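> Below is a structure I'd like to ask you about.
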Amino acid sequence: MLRVLGHVPRVVSVRVNDLPAIELLRLDPQMPIPARAHEGDAGVDLCSTVDVTIEPGERVLVGTGIAVALPVGTVGLVHPRSGLAAKTGLSVVNTPGTIDAGYRGEIKVCLINHDTRTAVDVQRGDRIAQLLVQRVELVTFVEVTSLDETARGEAGHGSSGGHAILHSVSAQSQEEAH
Ligand SMILES: O=c1ccn([C@H]2C[C@H](O)[C@@H](COP(=O)(O)OP(=O)(O)OP(=O)(O)O)O2)c(=O)[nH]1
Ligand SMILES: [Mg+2]
């Protein structure tokens, strides 16, 4: 029988991060430096610089007071926070937002309140979204006159089935038929 003795680390690093530390400018010195909630988390949290109330269905562009110089070959992605999304309906309109390597302006977040009834109050300093930095392939494109054949071909947009909404629509139309 195999017995595991001693401490087993819960977070195992699969690859050593060889990117340099990313230069970060605090445009609003009172904002905290974006940080991970836990070691190994994918994203660092971004805070709102403003107090704002977002009515149901409304969107608003808020500043984070942060600018970065991402290395060429990486991209910043602005993702919603799942807790806020689940509890209040707050999300990011263009999720994930794209921060280009050459961008030196303030990172802004286009928030949306998806709740249909309740407004969301965002206060200055609240953690409203998270920034992930990933490597990205800067590919080139070459124009051709035809593409290779594949099993999928041109089928897309639900061609393989398995959509809950289609089941509910077909169940509804069956009920209506009776
Ligand atoms: O959530 C976001 C998305 C984008 N940006 C900034 C950084 C990014 O590099 C720039 C442009 O973003 P994007 O390319 O998505 O917008 P666009 O509408 O195509 O604008 P542009 O014509 O400036 O590229 O805006 C943000 O601050 N937050
Ligand atoms: Mg663009």
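Indices start at 1 and increase along the chain as displayed.
In case you wondered, yes, glycine gets a Cβ from its N, Cα and C as well.
Note that the coordinates shown come from a computational prediction; the quantities given were computed from them, not determined experimentally.
Quick paste of what TrEMBL says about this protein:
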DOMAIN    31-161  domain 'dUTPase-like'
BINDING   Arg81, Ser82, Gly83, Asn94, Thr98, Ile99, Asp100  substrate binding site
> Of Arg81, Gly83, Thr98, Ile99, Asp100, listed as binding-site residues, which ones have a Cβ less than 6 Å away from ligand 1?
Thr98, Ile99, Asp100
> Quick one: DSSP breakdown of the domain 'dUTPase-like' (31-161) into helix, strand and coil?
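DSSP classes over the domain 'dUTPase-like' (31-161) add up to 7 helix, 47 strand, 77 coil.
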> Might you list, by sequence position, any residue in that chain lying six or more from Ile99 (substrate binding site) with a Cβ less than 8 Å away from its Cβ?
Val68, Leu70, Val75, Gly76, Leu77, Val78, Ile107, Leu131
> What is the maximum Cα to Cα distance, in Å and rounded to a whole number, among the residues Arg81, Ser82, Gly83, Asn94, Thr98, Ile99, Asp100 annotated as binding substrate?
26
> Note down the number of other Cβ atoms within 10 Å of the Cβ of Asp100 (substrate binding site), including every protein chain shown.
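Excluding its own Cβ, Asp100 (substrate binding site) sees 12 Cβ atoms within 10 Å.
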